[in-house]
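One structure is given below, encoded as C-alpha cells.
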C-alpha cells in the first residue's frame, strides 16, 4: 500500500493557518518562507514515499530481532537510515551551528508527519534522537555538546531517552538507577531501564543514551533525579570511538505494534558501571527531561496525525475499488464501489475531518513555537510560548486518541478484509495503540492540562483562546453561508462548554482534586476537539476567500465541506463532555474500591 | 489471567430485569426458574473458568494451523471440545426432542457470555453450530432433520454458515456458488466460500456446512439463492459416516485476532461437485439464513459483552496490583495502587458501566425472545417478537462497538505493559475487532434498524419503547434520591433525542435515503446507548428496593453507583448524536467522490 504525502493540506496550513509569512519575518527565519516549505516538503515526500513507506509492512512482518545482545533491524532499515542521514533529514530543525538546517517547526512538523505516515517504527529513531539533541541543547555543557551534538544532528550517531524502570513508569519519582561520582568528574551508572525505543541497533555507529539516575545521596522523589549521557561506545578525545561502555540490551519486547522498532531492556553497570556524563546540574534531570519530553510529546501527537492520514488513504483506496451493493439512493444501476454508501462516506469523512483538524491544530501550535523561540519581542514570545504549552497536551492526547478511532474505522471500512493481516490496515490499528501510552499516557497529558496549563493561571490562557474563537465565530457569522453559520453555531456551543469546564477545573483542581481529575481526560478530549474545530473554522474562512480568488477550487471546496462535517459530527460531542465533567464528577470516584 | 464469571450480575438481570418468574409461567418453561438458572450458571462458570479460560492465551500464541488441507487446532482444544459436548453444553437451548435441554434464552445467553469471555475462539465453534441447528429447525425437512439435528445438538458433529464469497460479503446478492440438481433429488455444489469460521477441523467427527448457492437457472440477485446442507463426510442411511464429500479447506487466514478459530477458504466441487441437500424450498435460502443470522447476531452481541467483561476484570486486577504515584487527594501517604487515581477509576467505571448496560439489555431482549416463542397469547408473543427484533441490531451493533472501546481502555489501564503481548490484554483488543464486522457489520445492523425496524412501522415500535422509558423516568423521579434524579434527567434528555431521530428516520428513510442512512450508525449507537441506559435506570430502581430489604447491600449499592455513572458519562453522549444525525446529514455525503 503506497502513501502519498498530503502536500496540499500541509502547505495550506503552513500558509494560511500557521502564517509562514509572519514567521519568515522573524530573525534568522528569512529563508524559511513558503517557497522553502514547498521545496522541503516536496523533497521529503519523495524520500518518505519512495524509501520509508515501502519498508513499513516489511517491518511488521519481519520485526527487528534480538539475539545474544545483538539487535538486528528489519532488512532494508539500515540502508534506509543511511540514505536518511546522507540527505540530512535528522538535522532539519536543529541549529546550523551544529550542522543542522535550522528550519522552523512550522515546516519541520510536516516532514515529521510524512516520516511517521511512511513508517512509524523507523521514524521513532530520528524522533528520539531529536529528544536527545533537545536535551543537550537545553542543558549540556559546551564540552559535552562539542563531543556529541554534531554527530547526533548529522545522524551519524543516534539517541535514546531512558526514563522508565519496571517500578517507575508514569511515576518517575520511583526511578532507582544509581550514579556514582568518580574522581574524574564522570559517573558510574548502574540499573535497569525498560521500554527503551531503539535502545540498541546497528544502524548507526554509536548510540547516545540520555539516562535518568540518582546520584548517591540525592533526595528521594523527583528532586533527586539527574540526567546523564551514556554512550554505547566510549568516545575518544579525537572523536573516534573507543571501548564498548557497560550498557547492554538484554532483551526486546514482543509487542502489539511498531514491531520494527526494538523496545529494549537496557542493563547498565553489570560489569562495573557504565561511564556517564552529567547533563547540566545535579538533581535537575527531570526538568531537562521535561523539555525534551515536550518536544517528543508534540512529535507523538504528529505520529497520531500521520497514522490517521495513512489509514484514511488506504480506506479511501479500498472504498473506491471494492464493489458491493447498490447505493440506497439508486444513483447507480447496480452494485457499485462502496464509497457510494452513506455510512462508508461517514466513516471516511470522520477519518478525514479528525486528521485535518488535528493537523491544522499542530500546525498552528508549531507556529506559536517558532514565534516563541524567534521573536525579538519578549512579551510576544512569552504569549506564544504559553499558547504552545497549552496546546502540547491537546496535540499529544487528542491526536493520538483520535488516531485510534480513525485506524479502527479504517479497519471497519475494509470489512472482513480489514481483519486479515495481509490487507495491512490492521497494522495501523495495532501501531497506533502505543501512541496514547508512551511519552506520557493520555491521563498524564490531561493532568498536565488541568494542573500546569489550566488551574495554575486560573484558566486565563484557556479563556484567552476562547476569546479568539469568538472572533472566528463572528467572522463565520458575518460570512453567513449555510456552512459558515453551522460551524459558527457548533463552535459557539463548544466554546461555552469549554469555558464552563475551564472554570470548573480552575475552581476544583486544588480544593477538590478528585472531582477535577475525574474529568481530566474528558476535558482534554473536549479541549482538543474544540481547538481543532476552531482551526477548521478558520480554515473555512480562508478557504472561502481563496475560492473567491479562484484558487484551487476543488481543494478549497473540500476544505469547507470537511470543516462543516467536523462541526456537525465531531464538535457536537463537546457539550456532552461538559455535562459529564461538570455534573458527573462524583460518580467517577463513588464506587468502593472493593466493589470493582 | 483467570476469569471469574459475573454470576451475581447475570442472576440479578435474570431475576429482576428479564423476569424469569414470568418466563417460568410459560408452557414448557416450568423447570426454567431462578433455581435452574442459578444451578446452570454455576455449573457453566466452573466449566468455562476451569477448562476454556486457561486455553485462551494458548490459542493466541499457538494459533490453529493448516497444512495440506488438514486444520490442526491449538493443543488442548480437542480435549476441551470433548468435555464440552460430553457435558451437553451444545444442546442447552435446543429442543428436548433432539436431545437438547430446552432451556430459555434468558438463561442460555449468560452461558454463552461465559463461553466467550473464557475463550472467544473456542466459543465460535458451538455458536456456529447453533446457527446451523436454527436453520434446520426453521426450514429443514423431517428427513434432513432426522439425519442431522441430534448429532448437531449433541456436539458430535459441528456446523458452519457458508455465506461469503470473494465478491459477496455484505452483498449476498452477488453469491455465485452453483447448485446443480441431480436425478436423485440431491444437488452438486461448486464454488468458493471464504471467511468460514471453523470450516475445517478435527475436533468433531463430521462438519455440517450450511451453504448458500444458486440452483441452475435461478433468478439473479437475492431471490435466486437457496440453502443447502453439505456434510464434510457423507452420511450413510444408518447414520454412520461414508466417503469424504467434495469440500476442502484450501487455506486459512492470518488474522488480527481470534487466532485459534480457523477462518477457512472452502473449495466446493473441484472433483465433480459436493453432494448437497436442499434446506426448505428453492430460492428461499436467504430468508432462512436471516433466521439463523438473527440468532447469530444476538450471539455476537453477547461476544462483545463477554470480551468487555474479561477486559474489565483484567484491568481491575492490574489497577489493584500496580503501584504508581500518590493519589491527587493525598489519601495515601505515598505511591499506591493506580486504582486510587481518578482517571483510572473513570476508565474502569466506563468499562464496567458499558458492560453492565449491554448485559442488562441483552438479558431483557432474551426474555422478549422467550415470551415470543413460548407465550400462548399470540398478541403478546408478537409484541415481544417485535421488541426482540428491534433490539437485535442494537445488541449486535452497540455491544460490539462498545467492546472495542472497552478493550482499548483495558490496554490503556495497563499503560506500557498493555502494549506487550505477554500481558494478555492486547489479545482482547485484537479479538474484539472482528465483532463489529462479522455476521453483518455495524452498518448492516444499522441499515436493518433504520429500514426494517424503524421506518417500516413508521417508528411505532421505537416510540412504544420510548413510552416505557418514560414510565421508568417517572419511577426514578418519584424515588427522588440524587442518583435516581440524575439518571431520570439524562434518560429524559436521551429519550427526547431518540424520538427526534426516530421521527427523522421514519420521515426520510424512503424519500431521502442518503440523509437517513448517513445517520444510520449514529442512530444505532444512540439507540443502543439509550436502551442499555434505560435498563440501568430500571436496575437502579430494583436495586434500591432490594437495598430496602437488606439484600446483598454491597452489590446493590454498586449497581446504583454504576447506573449513575452510566447516566452521567455514557447517556450524555446521546443528545450530541441527535444533533449529528438530524442537523448534520448533509455534510456526510457532500464531498465530491474525487475529492476523497
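Cβ atoms here come from the backbone N, Cα and C positions, even for glycine.
The domain 'Acyl-CoA dehydrogenase/oxidase N-terminal' annotation in TrEMBL covers A:78-156. Residues annotated as domain 'Acyl-CoA oxidase/dehydrogenase middle' in TrEMBL: A:161-268. As annotated by TrEMBL, domain 'Acyl-CoA dehydrogenase/oxidase C-terminal' applies to A:283-449. The domain 'Acetyl-CoA dehydrogenase-like C-terminal' annotation in TrEMBL covers A:481-591.
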Arithmetic mean of per-residue pLDDT over the domain 'Acyl-CoA dehydrogenase/oxidase N-terminal' (A:78-156): 97
The domain 'Acetyl-CoA dehydrogenase-like C-terminal' (A:481-591), counted residue by residue under DSSP: helix, strand, coil: 96 helix, 0 strand, 15 coil
Helix, strand and coil counts within the domain 'Acyl-CoA oxidase/dehydrogenase middle' (A:161-268) (DSSP): 7 helix, 55 strand, 46 coil
DSSP-assigned states of the domain 'Acyl-CoA dehydrogenase/oxidase N-terminal' (A:78-156) in counts, ordered helix, strand, coil: 62 helix, 0 strand, 17 coil
